[in-house]
Amino acid sequence: MTTETNKPTVDTRWQSLNSDWANDKETFPMPWGKLMMWIFLLSDTFIFSIFLTGYMNVRMSATEPWPNTSEVFALTIAGQHIPLILIAIMTFVLITSSGTMALAVNYAYQGDRKKTFLLMIATALLGASFVGMQAFEWSKLIHEGVRPWGNPMGATQFGSAFFMITGFHGIHVSAGVIYLSIIANRVRKGHYEGKGYHIVEITGLYWHFVDLVWVFIFAFFYLW
Amino acid sequence: MDQTAKQTTNQQHPIGIYLKVWALLFVLSTLSYMVDYFQFQGYLRWTLVLIFMFLKAGFIISIFMHLGWERYALKCTLLLPPLAIGVLIWLMAMEADYTFSSRQLFLGQ
């Protein structure tokens, strides 16, 4: 006569969906902050999607030729002209930072405060170097005459799409660097002993999302 | 319930899987850079760029962000709403085509 005997041992995904929503309990069994971070990231997904869709719209309707990103973002390193190299380096820096963040989350749940702190600081430093490279890229393009209202290479819409999309992403990275530094310092001080280390996973969600957005910007803005 | 709650709130996984995915992301990024480096064009370029993009995004979301281990209710909450973006992209692409053809017609370009 107990509910335990009737309970299926393995829930199918639909049964789990049904019981999560229908039973008189919390729908999402997870820390409040983690769920709120997910909801925020969902809303941020829409913001970046709308930026990228707007960019697609102005690019498809432009009658002037679109500047060749492969050449615009090329660099000459040691006499070698390498197309899109700066963006490739920025991509690798961001992926490296995502890796160190994933390890930080892992060590945080193992309770290794020192390693967590060091990996989070490494993540923040990689993020800061990404922003530094972006500042270099912006000043290079501004120097070459690219403005939100026009540029010497082709379609005027290139500048506005570029500054808006990479600028908004850069702000997210900068905010992430500050967020990571604050949480890392609190981890070092032992602020979360007893509370648990979900906060590191939540910070990680934000950081991986910033990397995720870059995957789409890289594909649609730089490789199109 | 306690068992499942524990599984969802404690995302502890062997460190090896992170290292493997990390390496894989490097490989995929190199491949997508190679698409530009070797100047593939047309449908081949688009197919490769989109495949590498979705693979990278999938690994980041499911492994690094742990969504693969989350409950189905959360997966639905997070993955279903972005489908609306597909509709927006479709509408805006149609609108852009229309604008492009009117510009060619009336601006004489």
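Note: Cβ is positioned from N, Cα and C throughout, glycine not excepted.
Remember, TrEMBL labels are computer predictions, not curated facts.
Here TrEMBL flags A:34-224 as domain 'Heme-copper oxidase subunit III family profile'. Annotation source TrEMBL lists transmembrane segment at A:35-56, A:82-105, A:117-138, A:158-184, A:205-223.
By the count of Cβ pairs under 8 Å, the stretch nearest in packing to the transmembrane segment (A:158-184) among A:35-56, A:82-105, A:117-138, A:205-223 is A:117-138. Sequence-distant contacts of the transmembrane segment (A:35-56) (same chain, at least 6 residues past either end, Cβ-Cβ under 8 Å): 28, 161, 164-165, 168-169, 172, 202, 205-206, 209, 213, 216-217, 220-221.
For the transmembrane segment (A:82-105), same-chain residues at least 6 beyond its ends with a Cβ under 8 Å from one of its own Cβ atoms are 69-71, 73-76, 115-116, 119-120, 122-123, 126-127, 129-130, 133-134, 136-137, 173, 180, 200-201, 203-204, 207-208, 210-211, 214, 218, 222.
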